[in-house]
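Trainee: This is the structure I have questions about; it appears just below.
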Amino acid sequence: MGIKHLYQIIQENAPDAVKAGEIKNHFGRKVAIDASMSIYSFLIAVRSDGQQLTSETGETTSHLMGMFYRTLRIVDNGIKPVYVFDGAPPKLKSGELAKRFMRKSEAAEAHEEAKEVGTAEEVEKFSRRTVRVTREHNEECKKLLKLMGVPYIDAPTEAEAQCAVLARAGKVYAAASEDMDTLCFDSPILLRHLTFSEQRKEPILEIHLDRVLEGLDMDRKQFVDLCILLGCDYLDPIPKVGPNTALKLIRDHGSLEQVVEAIKSDPKKKYTIPEDWPYKEARELFFDPDVRKADHPDCDFKWEAPDVEGLVKFLVEEKAFSEDRVRNAAARLQKNLKTAQQSRLEGFFKPIAKTEQEKAVLKRKHEEKLELQKKKKKEDAKAKKEAKSKPRGTT
């Protein structure tokens, strides 16, 4: 699920933190990819009749098709991926997972009903909601990656948290996931849309955490508190607290402890905190997740030459993929994994930290930019109001 409305807040308050670019801009970089999130996106890539891709025997192959060809595209562009798979979810997440399961059960019933009486759009909508990544999907994707020579890691719990560890240690350039909570786990850089298909023509979004914190004028603890208030995988949001209110509450009070105190002591009782709302435990999961350290043996990974005959046996003989396409893809994989060994020039230079004076100048510029945006918004609203109040036919 990730963090509700976080990207919107970053766009509005820290636009300089987001850089949109092409996949080829990341040539020569190593990237840790959230495997479970990627597999889910492959599974919902359904056909027009609302069905997943399957083999001749009826086995689902959407996850393998996506993993094979999207990974190939990544490697074609000189990127070296390492996939990270989810382990057991934290106990605090069980409530959210139970709700997801309930929603999927309800969607399955609605899907059956839509097939009988609904439109094609309704069938597809409910079909997407019933999708679930199974252990079998994960195991088949791991088998495929091994045959491709692409490394993977099993995280103890959350894949995003393990990706963040690798990024902080410099073992990879960035963590790649669609889940914005990757930033809460302290990943310096988050890449979004990396595993999207080329046909979607979505730019790769590169989000820098230090610029997010600078733009929001928050430290990491306040940022995590904001994300919890927005609604995360561990806790429901507080009813009636939207993104703008959440941001204002953290800015006004500085921490969730103070926000909770202010809400409870408000005589108007504008907001009600849910009875079971263990925000301190949720915060602890972001600050101290169950992860393997970057120097752990399980976090040692390397890229190997693909096992071409193994790929043919698995994808062609067992899953009915086209042999010509698989062999051609394996040849590209072999060639491009070698090309990706080339280093980027930036790897030879260390970034110079900004001085306090430079930080102050940047902060002032950012505040001036926000003031101009607010002023323009007010002027636009005023002009709109005046235009509405004018009788029709006048100029």
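Including glycine, each Cβ sits where the backbone N, Cα and C put it.
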Trainee: According to Swiss-Prot, D34, E158, E160 bind Mg(2+) 1; so which of D86, D210, D217, D219 is the extra one listed there?
Mentor: D86
Trainee: Besides D179, D181, which of D154, D225, D233 does Swiss-Prot list for that Mg(2+) 2 site?
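Mentor: Looking through D154, D225, D233, the residue Swiss-Prot assigns to the Mg(2+) 2 site is D233.
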Trainee: Determine, to the nearest whole angstrom, how far the Cα atom of G231 (DNA binding site) is from the Cα atom of D181 (Mg(2+) 2 binding site).
Mentor: 10
Trainee: Let me spell it out: for each of the binding-site residues (D86, E158), count the other Cβ atoms within 10 Å of that residue's Cβ, using every protein chain shown. Which one has the most?
Mentor: E158
Trainee: Distance between D181 (Mg(2+) 2 binding site) and D34 (Mg(2+) 1 binding site) at the Cα atoms, whole Å?
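Mentor: Spelling it out, the Cα of D181 (Mg(2+) 2 binding site) and the Cα of D34 (Mg(2+) 1 binding site) are 12 Å apart.
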Trainee: Between E160 (Mg(2+) 1 binding site) and R70 (DNA binding site), what C-alpha distance do you get in Å?
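Mentor: E160 (Mg(2+) 1 binding site) to R70 (DNA binding site), Cα-Cα distance: 19 Å.
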